[in-house]
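Data block below; observations after.
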Amino acid sequence: MKKSLTLLILLLCSLLFSTVLSNLLVEPVQPNTVPAFPVETQAQSCRLDLSNELFGGVNEACGRNLDRSRCCPVLAAWLFAAHARSALQLPAPAPTPESSDPDEPMKPDDSQKCVNTLQSALLTKQIKIPQPNSSCDAILCFCGIRLHQISSLSCPAAFNVSSGFKNATPTAAVKNLEKECRNSSYSGCTRCLGALQKLKVRGGNKKTTTERGTKMMSKDCQLMGLTWLLARNKTAYIPTVSAVLRAIMYSPHPPHLNKCSPDQENMPLAVDSLQFQKSFSSSSHLFGVLPFLPLVLCIFLFLL
């Protein structure tokens with residue numbers, strides 16, 4: 001009887017071992033390195049830092065279908081993060097044409113170059129965003145994302161710009177965002193949104209001549225404050241930035257009643273890739289041990 005039981009255990013163990021071995025052999029090997037994406041040179045109009053991004057949250061928000069309130073805030077957060085260092089630079093002042101409008105964002109051709117650069121970077125990470133139609137792209141047309149340079153804005157409540165555009169020093173109101181915008185929950189987003197109110201343009205502004213222009217400049221100053229946060233610490237702030245962008249740019253409420261999405265709606269957020277890598281790494285260690293548990297059990301039974 002004991003001999004028969006031993007033979008049965010050996011047979012079961014051999015079958016389990018062959019199954020585990022075959023699964024391990026067919027499992028694809030994941031590379032440890034992330035392919036680098038070429039960064040735009042100084043001479044090109046659009047300079048995005050996309051060398052090490054894996055665009056956490058974009059697939060969840062945009063991969064299946066295009067929904068403005070779900071997809072656009074995540075896309076905008078990653079585009080602002082990639083453009084952050086360039087946006088905060090103050091180039092040497094150049095003579096501007098008399099016909100130029102200081103309230104305008106980056107020129108359309110330049111914005112399109114940024115869109116093309118971002119889309120190419122997304123494709124290298126196997127992320128394909130659906131296009132609304134043949135004449136409308138997801139980023140510029142559908143989401144309406146526009147990039148600005150700090151030198152094109154007048155945000156005295158947010159940045160002190162020295163004469164000659166040599167330095168842009170963040171005000172206390174902007175530095176306060178570091179404390180108020182660390183939590184991406186509904187309550188944290190609401191706190192951050194309240195702190196951003198202090199960056200709005202008050203009264204007259206030398207770069208705006210209409211009430212509509214002042215409102216647009218106020219929103220752009222708030223977006224530049226969020227851009228400064230992303231330049232300071234993208235990993236810590238990009239989830240909250242995407243939540244706040246949803247309230248500022250894609251909320252169904254009127255502009256003066258911007259509200260963050262309740263936690264119950266479970267809206268997707270932009271998440272730094274490192275967080276995904278850490279969680280995957282910890283779980284992969286666990287799953288790597290699981291296939292060998294049946295073998296350990298067989299050996300234990302055999303020794304009884």
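Each residue, glycine too, has its Cβ placed from N, Cα and C.
Residues Asn167, Asn183 are shown; Swiss-Prot lists N-linked glycosylation site for one of them, Asn183. Among the glycosylation sites Asn133, Asn160, Asn233, the residue whose Cα lies closest in space to that of Asn183 (N-linked glycosylation site) is Asn233.
Looking at Asn160 (N-linked glycosylation site) and Asn233 (N-linked glycosylation site), their Cα atoms lie 21 Å from each other. On a Cα basis, Asn233 (N-linked glycosylation site) lies 36 Å away from Asn133 (N-linked glycosylation site).
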